[in-house]
Amino acid sequence: MAKSALLKSSIAKKYWMAFTGLFLCLFLAGHLAGNLQLLVPNNALNFNKYALFMTTNPAVKILSYVTYLSIIFHAIDGIMLTIQNKKARPIGYAKTDGSSSSFASRNMAVLGTLILVFIVTHMVNFWAKMHFDQNMPLQTITVEVMGQKQELYMMTNDGYMATAQVAKTKEEATKTGAQVYIKNRTEFYNTQADVKVGEGYKDLYKITVAFFKHPKYGLIATILYVVAMGVLAFHLLHGFQSAFQSMGLNSSSWTPKIKLFGKLFAIIVPILFAIIPLYIHFILK
Amino acid sequence: MSAAKNININLKIWRQKNAKTKGKIETYKLDNVSTASSFLEMLDQLNEQLVNERKEPVAFDHDCREGICGMCSLFINGRAHGPDTGITTCQLHMRMFKDGDTIFVEPWRSKAFPVIKDLVVDRSSFDRIQQAGGFVSVNTSGRTMDANAIPIPKPDADKSFEAAACIGCGACVATCKNGSAMLFVGAKVSQYALLPQGKVEATQRVLNMVRQMDEEGFGNCTNTGACEVECPKGISLENIARMNREYLKASLK
C-alpha cells in the first residue's frame, strides 16, 4: 500500500514533479554559472576547458544523466497529470473568470511544453554538436611569429601545434606528408609512429558565437532564445514556490521567504541567461 | 447602505433534464428583481415566473440559506458562489449586479460531481472520501472520556477549528482548473491531524482518504490557489501542504 502510494497517487505525482523541478532549478543555476563565462572577454580557451571538464569528468557525467532523467520524468509526469486533470472536468464552463489564480499557475503545461521544445532544439544546436558532430572545430589561436601570422591548435597538455602541420585524416596525411593527423575528432596522432601525441579542445566557444552571429539566422536565434527565457521565467515564477507547497513545506514563517526567493530566482536567472546571446549578437566583435 | 431598488436582468442558465440527457444553456429575462434579495430568492422569483408560464422550474440545491450547510452551489459568472469572496450563494445578494446584467448560472463542473438535474449535482463523492477516513474511532458506549481532559495547545486547536470550518460545499473543486478536491481533503485530514485524538488513525486516514479522492476522479493540485480564494469558509492552502506532509509521512511508514 505504502509503496504504491509513493508512485501512483495524485500526491505522489506532485512530489516527483516538485522534486525533479527543484533539481532542475539547481541545474539551471549551475548551467548559468558556466554560460556566464561567455561574457568574459578573450575567454575562449577557459570556456572550452570548462566545456571539456563538463563533458568528461565522471562526477559531472553522473550528474548530467540525473539531469536528463529529471527532464524526462518531469515532462512525462506533467503530461500524465495534465491528462488526468482534463479528465476530471469532462464538460467545461460556458463562462470562466481567471481572477482567482495567476496566469502562470493556470498554464504550467503549455509553458512546460514550450520549454521542452526549447530544450530539444538547444541540445541539437549545442549538446549534440559537442558530443557527436564529426566536424566540430578544434580550438586554435593566431600568433605572430617573426611578422608572420600563424594558426596554432591549443592542446590539453598546454602545448600547441601549428595547424599547417596537421592533416584532417590519416589518408590526407599520407598524401601531403603531414607529420600529424587528427583521430577520434580531438586526438593528434603522429603519422609515422601512429601514436597519440596530444589532444585538442573542441571549440564550443566558436560554435556558440557563430550560432548567435550567423548572418542569416543569428538574429532570429537570439530572439527565440530570449523568448524561451521569458517562458522559463513564467514557468519558474509559479513552479519554484509551488514545489515547496507540493512537498508539504508551507508555514507562515517560511513560505513568504520561499515565495520571495522563488520570484527573484525566476526573474534573475532567465535574464542572465538571455543577456548572453544578446551580448554575442549585438556587442561582441 | 443605499436603498434597495429593482433591476432587470438576463439569465443564462444550464438546463438539463436528468443525468442521462445532454443539457444546454437557456436564456431567461427576469424583471423587477430587488437588489435586497439574495441570489437564491432571485431564482425563486424566476421559478415562480416559469411556473406561471407553465414551464419547468429550474432545479437548484439549497437548504439552510444562512451560509452554513454547504448545500447551495452554483457557478455564477465564472466564479464559484458568484462575484464576492467568503460567501456561499445564499449569502450572495443581487446588489452585486447591475440593471441589464447578463448572469451565467452553471452547475459545479467535475467528473466526480455528476449533474442530477439542471444546477443540482451529486456531491456524494465527498461523503465517500469522508467515510474513508474522516473520523476518529471513539467508544460511545456511555463511558466516553471528556474531550477537554486532553490538553491541546491553543494554536493547534485554532488551526484544527479553522480546518473544521469546511462545509463540504465543493466550491474548491468547482473553481479549480483541474477539478481537484485537495482543499476539501486537506481540510478534513488537517482537522484531525492537528489533534491528539486524531493521531491514532493518522496514517491510515490520509492514505485512505487520498486513495478514495483519486478513485472518485478528482484532478490534481497545481497550487494555483484559486480554491483558497473561492472557499466560503476561508480554508487555507496550508491545509493542502499539511495533507502532503501527512501523506509523505504515512507512505514512508
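Cβ coordinates are placed from backbone N, Cα and C, and glycine is handled just like the others.
All annotation found in TrEMBL is predicted automatically rather than curated by experts.
The transmembrane segment annotation in TrEMBL covers A:62-83 (among others). Long-range contacts of the transmembrane segment (A:62-83) within the same chain: residues 13-14, 16-17, 20-21, 23-24, 27, 54, 108-109, 112, 116, 119, each at least 6 residues beyond the stretch ends and with a Cβ under 8 Å from a Cβ of the stretch.
Long-range contacts of the transmembrane segment (A:104-128) within the same chain, counting only residues at least 6 positions beyond its ends with a Cβ under 8 Å from a Cβ of the stretch, are 71, 74-75, 78-79, 82, 98, 204, 207-208, 211, 228, 231-232, 234-235, 237-239, 242. Under the heading transmembrane segment, TrEMBL lists A:104-128 (among others).
Annotated transmembrane segment per TrEMBL: A:217-240 (among others), in sequence order.
Sequence annotations record features per position, and here TrEMBL assigns transmembrane segment to A:260-284 (among others). Counting only same-chain residues 6+ beyond the ends of the transmembrane segment (A:260-284), those with a CB under 8 A from a CB of the stretch are 25, 28-29, 32, 35-36, 38-39, 208-209, 212-213, 218-219, 221-222, 225-226, 229-230, 232-234, 236-237, 239-241.
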